[in-house]
Structure formats: C-alpha cells, structure tokens
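The structure appears below as structure tokens.
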C-alpha cells in the first residue's frame, strides 16, 4: 500500500529543488512519484511540468497578490501557492478541490499555520483573475522564458523568435523509432492500429512515427521486445546523416542514454560501435537500452576532450558527436531547462564543444564522416561553432548540410514536428 501524500506539496517541493537548488526535474521527480499511488503519478507529473512551463506567470501573480515573498523555511509555501494558481488556470481539477488540496498541502510541509494565508491568496486570485490576466498579457513575463533567453532568440531569429517561444511553451508530441531489424515502419503501424492506437510516419526520417495521442510505453506493441523506442524525430536525424555501414568502426561520443547508439546498430547491425559518455550514472541507461534491444556495443566512461584515455590511438570510420549543449531546442520536453540555464553558460558550452571537436577530429580516418549535433537553437553552439571549426581545420569539409556561410541544418521546434536540433556533416579530406 502506497503512502497517501499530498500531491500539491510534493509538486511544490519538486519545483523548489529545481529553481532554488538547480536540480533537474528528471532526477527530482522519480523518487517523489514513488511516494504516491499509481493513479496519482500522472497528475503529480503534470503539476511539476506545468508549473515549470508557466513559472514566469505564476511568479508574476504572486508578486501582484503578496506584499512580500515567502523566504527561508517558508519558501516551499511560495511554490505551493504557484501549484494552486496552476491548477486554477490550466487544469480540469474543480476549483474547490484545487483550493482545498493546496491549502491542505501546508500541513504536509509542516506549515499548518499558513493555511489561512494560502487560502486567502488563492481566493483573491479567483476574484481578480480577469483583471490580472489582462495585465499579465502585456507584461515582459508573458513569454514564459527568462529575459536573457528571449533576447538571444530575438537576436538569432528576428522573424521567428516568437514562433520558437510559442513552440517551447507547448506540450511535446510523442515520437517513436521503429526498429527496422524487426519490422518495417508500415508493418509496425499496422500493429499499432490493431492495438487501438494511431500513428503518423515522418516524411524525412524513415523510422519515425508520431503517436496521435501519447501513451505509456507498456501499451506499445513489442516495446519490451525491442520493436520500438521512444525517441524524438529530430534526434533520429543523427543516424540518418551519419549513414553507418556494417563492418565500420563507429564512435558515438556523449552517448547516454543510448538512443542514438541503438539507432546506429539498427541501421548497421554489424558495425563495431564504441559508446562513450562522461557521466557514469547515465551510462547505466545505455546498458539498459542495449539489453532491451538485444544489441552489443562497447560502452566506456570518458571525457570527450581526452580520447587517448578511452580509446588509445584507435581511429574510426564515422563519429557521432552529440555535443553537450544548452538544450534550448528541447524546452517543451524539459521546461526546467529555462530555469537551470544561465546566460553565461552559453560561452562556456561553446568552448567545451570546440575542445571536444578539436580532440576527436584526429581520431577520424581520412575519408571518414563526423556528424556534429546539438539539441540547441543558439547559433553560438551551432553554425558559429562549425564555421569556426572549418576555418581552423584545413582537412575538414562540409557535406550535405548547409553552405560554408550557413553551415549545418537547423531544425526549429514546433507543432507536431520534432524538437529543435542542429546537425553538421563533416568529411575528412
């Protein structure tokens, strides 16, 4: 029997850990979900994701309705009130239930003396909702993004920045990758239809299927048997551009959690793949994915800047570098990114990307292919990065993706399409 915890207080604690301590929601949420009944896990997730998606608005409302912020040991109450606002604005939870459960959350976080305050603020919001929302619609907070990121997007995409922001604020579609070693995409779509679900093929990525309605993985035909994997359509572009062949030595660098490693092996089952990532904990997910799909690869922990430590003098026919980045292309999937990143991070990430590129390029055989990929939409990490690399690397040439002036292919997030993603395909002369 699961403990019956107050969902609203758990959501408030999760958001506080993300915003105040810089922890990622993917690390914070699973242990909290263990504290609630199975039937409540989806609502807990919705409250956490929703509050982080709309955090700017909820913060703005608190500042309008409270004379001073909650601080110190009372800080969790600040986020509990946000959870209350979110329910009233964006969920189908009946207002009386949202109010009662949120107020009761004060008991769970050992602040029962603040129940009256929480109740008062939420009721005041209900009374003034229309006026407040009209005022909010003209405020700087309306974009639901930190100001530094709005400025960067405006500079990079003068005519498209609002579309990018709108896409980031949407719920993401659920994309799958059909394992071509088991089924054709059309064949698996037939199995999906037999299971009472509908999916749509992607026009450019041959294994990609978008579910009409997101579903739990255990409901997908053959998921446990490795027939299908959850992976965004744009991420599937990496293996498409890499075009791995059987018998080749292939390096998948920054490989965790293993989605691209396994895609490479689906396309070229007899390739010799080395998957490397700096994060030992995340490598466990690479092993899990390989096991579920019945595949084999060499998996090593290592820093991409120092290849001698993990591959000696070995050279590769193809290298996929899915570089560490700001993840500004996947905000709709991970809304905590907006609050975990800082403006100063971008220059640091660009420097790290350049160091890894320079370190692994000598490990590519002449005539070999390196695909540089990020899930960022910022030019400093993408086109500017590749332009600078081509200028300082005489034996590197761009292939298929873009022009020397505008190197690479930049996918922007949006609608039912894939996430924001960048690829540059480079050939060693």
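From the backbone N, Cα and C atoms, a Cβ is placed for every residue, glycine too.
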- Out of 303, 336, which is the one Swiss-Prot records at the S-adenosyl-L-methionine site of 254, 255, 256, 257, 258, 259, 260, 277, 322? 303
- Given the recorded positions 303, 375, and counting only Cβ atoms in the protein chains shown, which has the most within 10 Å of its Cβ? 375
- List, in sequence order, the same-chain residues at least six positions removed whose CB sits under 8 Å from that of residue 254 (S-adenosyl-L-methionine binding site)? 276, 277, 278, 304, 321, 322, 323, 324, 356
- Rounded distance in angstrom between the Cα atoms of residue 258 (S-adenosyl-L-methionine binding site) and residue 375 (active site, nucleophile): 15
- Task: Please give the sequence-distant neighbours of the compositional bias 'Polar residues' (400-412): residues at least 6 beyond its ends with Cβ less than 8 Å from one of its Cβ atoms.
- Result: 157, 160, 163-164, 167, 234, 237, 241, 329, 372, 377, 382-383, 386-387, 390, 418-425
- Message: According to DSSP, does residue 303 (S-adenosyl-L-methionine binding site) sit in a helix, a strand, or coil?
- Response: coil
- Do you know offhand how many angstrom separate residue 260 (S-adenosyl-L-methionine binding site) and residue 375 (active site, nucleophile) by C-alpha? 13
